[in-house]
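Single-structure report; data block below.
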Amino acid sequence: MIKLNPCRSTRSIYLGLACLSLALHLLLAFFCLSVLQTACVLPTSSSFRQDEEHHKPNAKTLHPKEKDSFSDATEREKKLIEAGKVIQKVKSGSKLEALFKLPLYNLPRPELQEDDWLLRVETNEHARDTGSEEGQREDAINSDSEWQSASQEEGYDKVTWTSDVETHPPWLRFHLGISRRELYNRKDPNLAQLTQYLATQRILGAVQKTGGTQLKLLMSFPNYGQALLKPMKQSRDAETDVNLFYFSDFERHNAEIAAFHLDRLLGFNRIPPVVGRLVNVTTEIREITTDHRLSRTFFTSPVGNVCFYGRCEYYCSSEHPVCGQPHALEVSLAVMLPDLTLAPRRSWRSPWRRSYSRTKLAQWEKDPAYCDTVKQTPPYIHGTRLVDLIDMAVLDFLMSNMDRHHYETFEKFGNKTFLLHLDNGRAFGRHSRDEPSILAPLQQCCRIRRSTLLRLRLLSLPGFRLSDVMRESLVQDPLAGVAPLLSEPHLSALDRRLATTLQVVQSCQHHHKDVIYNDVEGDNVDYDQQPD
């Protein structure tokens, strides 16, 4: 029988335990080191995205209504953030501000005389001196009692207008600023106040506007302001169907807004101010309208959107409704011109009016020498009416507007005034194709204003490229926070069409001598900043 030594056995056990403990400590040390090293490594962008996706609410787990509201909210936030980035970029280096500071946009002009203004505020003293009926009535009423009585209508503010311009609402100041030369002065601070007024003031009334071929509403605001509303009928990216005739095309709300900005960039100032706005179809149209014919066309779509279609010649049916989402609707609002009883306007048929037929051509489309006939016809014989018409043709070509059948002028100024560039809803319908026939007045007459040509050349330069300043200008509109008012292909088309216009002028100068109508007196332009 073998005897075991207890001391040696105990030592062996202690030694084994010590080795095991050391091994465990080493293993623990290696583990801690690896954890610390992992913690010090920054996650990659893909890791962040995966983590975000892990913590985001899962659309599959949401209720259908919550799912829609969630996706809409995140999409709106993304668009608003992007719009904010654009605005910051604009403020840091504004091409638009630099453009409007150039001498070409600040040419000295003769001072306007009393009869160069469309409307004037008549003081009591002047009325008494002239012995007019209005003056006697003003004395009899005394202290604006007529206005106070009218302002007590439901929803209207109490007004106390006087001859002091500061007491006038923005729309009235706009009316009083219309002159023989232009609809508004670009430097007038009231222009910003007017667009803000249209974009934010509460809407008191909505009725359908009579006349025209498509749906338009007349909106009423506090202090008796009014605006013409055109609703969104198709997405900004949708192009006009190539098989559709120009007279059957939709009118677009963003086209009205973009036309106003383009007209201003060209230095014309002949389109009434237009601004975009989101309106509530239910509370700001349906519930306040007094137009029974309009109210009978409202309905709720299968997906719960509030829709209406009104009464008009084209696209006013339940198959072509205007719908909110479910209540919000994008619209354009154009300030109304003075009432025709105060400032009558004359409508002129454009010599280059299209036939509005599917089979017939207009005379100007068949006769290359058609302009010779126009030049012998009043009011194109004398004055600036012909170059005014060519200005309008250049504007229409740039925005691809084929629907210019008439134009208007204020009767007070006779033939010595500008043309009103109204009704531009069918512009910006197609960016992939240009329509050269819109430039027929320029091609056939080979005549253009010097100031117009210089601005076109300036806007073709990289530093003031038309698409860049147009993009920057449109960012100022409230609807730009929802989505760009013109898609990039439309902006690129502006540059392409501008180059085409300059080529037509160059061709005219090669074949004719008297192409430029010099409306720039003296040497007011700093030609060092203009292209050759």
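Glycine is no exception: its Cβ is also placed from the backbone N, Cα and C atoms.
Listed features, source TrEMBL:
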REGION    47-74  region 'Disordered'
COMPBIAS  63-74  compositional bias 'Basic and acidic residues'
COMPBIAS  126-140  compositional bias 'Basic and acidic residues'
REGION    126-153  region 'Disordered'
COMPBIAS  142-152  compositional bias 'Polar residues'
BINDING   Gln214, Lys230, Glu251, Ala334, Val335, Met336, Leu337, Glu408, Asp423  ATP binding site
BINDING   Glu251, Asp423  Mn(2+) binding site
DOMAIN    298-513  domain 'FAM20 C-terminal'
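Sequence features annotated in TrEMBL and their locations in the structure.
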residue : record           : Cβ contacts under 8 Å, 6 or more apart
Gln214  : ATP binding site : Phe250, Glu251, Cys312, Glu313, Tyr314, Tyr315, Cys316, Gly425
Val335  : ATP binding site : Trp171, Phe174, Leu194, Leu198, Gly225, Gln226, Ala227, Pro272, Pro273, Val274
Leu337  : ATP binding site : His175, Ile178, Pro272, Ala343, Arg345, Leu420
Asp423  : ATP binding site : Gly212, Asp403
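Of all residue pairs in the ATP-binding list (Gln214, Lys230, Glu251, Ala334, Val335, Met336, Leu337, Glu408, Asp423), the one with the greatest Cα separation is 20 Å apart. The domain 'FAM20 C-terminal' (298-513) scores a mean pLDDT of 95 in the predicted structure.
Within 10 Å of the C-beta of Glu251 (ATP binding site) we count 25 further C-beta atoms, all protein chains included.
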